[in-house]
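**Student:** If you scroll down you'll find the structure; I have some questions about it.
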Amino acid sequence: PDMRGLWIYRLDSRSRVNYRLWCLAWLDAEPAPAAWNGQLPPCPCSQPQAELDPRYRQSRGTKHVLPRASSGAGVRCLYQDGSLLEGWQERVWTPPIHPAANGELEAFDWCCRRVRKSLFCTRFAEKRPRVGCEGYVPPTPAGAFGDPHITTLDGLTYTFNGLGDFVLLQASDARTSFSLQGRTAQTGTAWATNFMAFAAQYISATNTTVEWTLGNQSDIQVLLNNETIQFSYSQDMGAEVYYSPGVLLVNASSITAIFDGAIAVSISTASGILSVVCSLPDWYRNSTKGLLGVWDHDPTDDFQLPNGTSIPVNSSEEEIYSYGMSWAVGEHSLFAQPLDPPVLNFTPIFLSRLRQENESQYQLATLQCHGSKECIYDLLSTGNVALGLATQSLAVDLQEKKTVLNAFPPVITGNTSLTAFRTERVRRQFLAKGEGARFVPHLSPELNISENGTLTWEPHGVAPLTINLEAVGSNNLSALLQLRFTLCSCSRSQECDYGDTVIVGQSSLQLAACRCEDGYSGTFCQDPPDPCSQGCFPGVGCDSHSGCGPCPAGLTGDGRHCSGCSSSCGSNSCPEGYCSNGGHCYLHPITCLPTCTCPPAFTDQHCLVAGGDFRPLPTADLPRRSVQLRVRTLQNATAEEVNGTVSDILGSLEVKVFQSNTNITQM
């Protein structure tokens, strides 16, 4: 039998991507976060913290840092002008070698940028939870530099000039263990030593060993599990990198190894001497030993010997030297090559003796070194002023690094979601906690933020709006709080649907949908009902304000439906079902024959033939139905291309009749 249908022809050759479909497919395929985000850290609270925390790597393209946990997951932290803007948890960590192939960023782009419906980004956040900096604990660095001057994890600094291989650090928890060893050599002909190699071993699911050795050209040679590695340049990080499961090596101003996104060891060279900075996360506290001390926030017990006994921190140089020698490696060396035979009866020269031998030289060195004992010792023991000053610089850098890592911006509290109806004025109070914290004022026609945190929003339109609340502390570090504005511009407040919002121009403003009532229409329900939309009785005029005019002479009714007096046609009546599709039946006043008044969508005697231009007015209780369309393409196209094109066409119709299209099959 003949069937009425609709042919749809493609008028362009450009394929439209259905980002909604891509986002929904990604959401459907992703597991719940509880399956992978159990041990993910928060973001650093400031960009300076993030840049100095070696557990995170920085990306040039998107200004974010990203650590890698043992589960393979990580967090992505975005900073603006040095302040944390937002953070996301990510299930799949992308190595810096191939940052372009990043499915996490693609999914974020589909759901939160390409699709303007905020509901999609909300659902994305259910799969990739947002993360701030609450609970962030910076790593604690310890180091050794110069003619070895060692700064422990608790901040105690001392000098140890032992010759050989020594245990700098041993740390462990329930799942991992870590060891760091250093190898010293005699500094030229001086009775002092310096580090010329380091080796670190990290044991978790795998066993990883990295070795750094000072080369003949004062360069640093690296071995990974006793094999030479080849660095590759990463455009994303702007540095040479090497990635292997369990460790990321970065070759920049120093060569840093990050083990499982947790422990970092950075080795640098200056004046022909290697220096080391080792950073530990907080969970290794109370579980360390070695020359870098017992990490318990108490420097008085840092001189702990392998047998568990300790010597006082005010011990003599000779006693400290004996303590250091107790941490000689012995037969459990991590180095690929055995230690050269030591110089027999080597005993370093101590600072007290150097001063006794030449007080005037000591005073001169004190001036040159600005009082730094480490600098004075290196200068006097080697006669090398540059070496002494380099030692002083490294010591200052380590202290400055600690200061930056432990400096925090204010903490802002308050409800970040603001909702307004038309030009309604909304007032909100925020608090900033921190030393000397105050808000940065903002004044614009729509928004006013005072220094005490009072925010007033008075919408003037639907233009894109992005404002972040900013508070600055006495240390000049700033905190940002992203605000979300939701505006309803419907004619009446009861028409606002705050559960259905559209993002305005990728800004912080969302526009609520309008559910028109009482026949009103338009984007904001601003158009009153048209009394002429349903048509009038034939021959009856219609006014756009008052509606249908009076019925013709001899007929009675409301102008839309007119009928004659029952006496002129006797007992005649309209047959049941005479008019179809909602048509109204009446008896013609002259012929007394049944006559139909049809809705605008239908014509002919019984309202059966569809025709004429009209605008359907769907009601809220209109049932949803599935319509099967057969589409013939004029050129070869995949089901995905057809799906995306048809979906975009249906979605752009002025009257939104179709909600979705599925089961697209190539014919």
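Each residue, glycine too, has its Cβ placed from N, Cα and C.
Heads up, TrEMBL stuff is auto-annotated, nobody curated it.
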**Student:** Of the candidates Cys574, Cys579, which does TrEMBL name as forming a disulfide with Cys596?
**Tutor:** Cys579
**Student:** For Cys598, which disulfide partner does TrEMBL record out of Cys585, Cys607?
**Tutor:** Cys607
**Student:** Just to be sure I understand, if DSSP states are collapsed into helix, strand and coil, how many residues of the domain 'EGF-like' (570-608) fall in each?
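**Tutor:** Reading the DSSP string over the domain 'EGF-like' (570-608) gives 0 helix, 10 strand, 29 coil.
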**Student:** Tally every other Cβ atom lying within 10 Å of the Cβ atom of Cys607 (disulfide bond).
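**Tutor:** Other Cβ atoms found within 10 Å: 21.
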**Student:** Do me a favour and check the Cα-Cα span between Cys596 (disulfide bond) and Cys607 (disulfide bond); whole Å is fine.
**Tutor:** 7
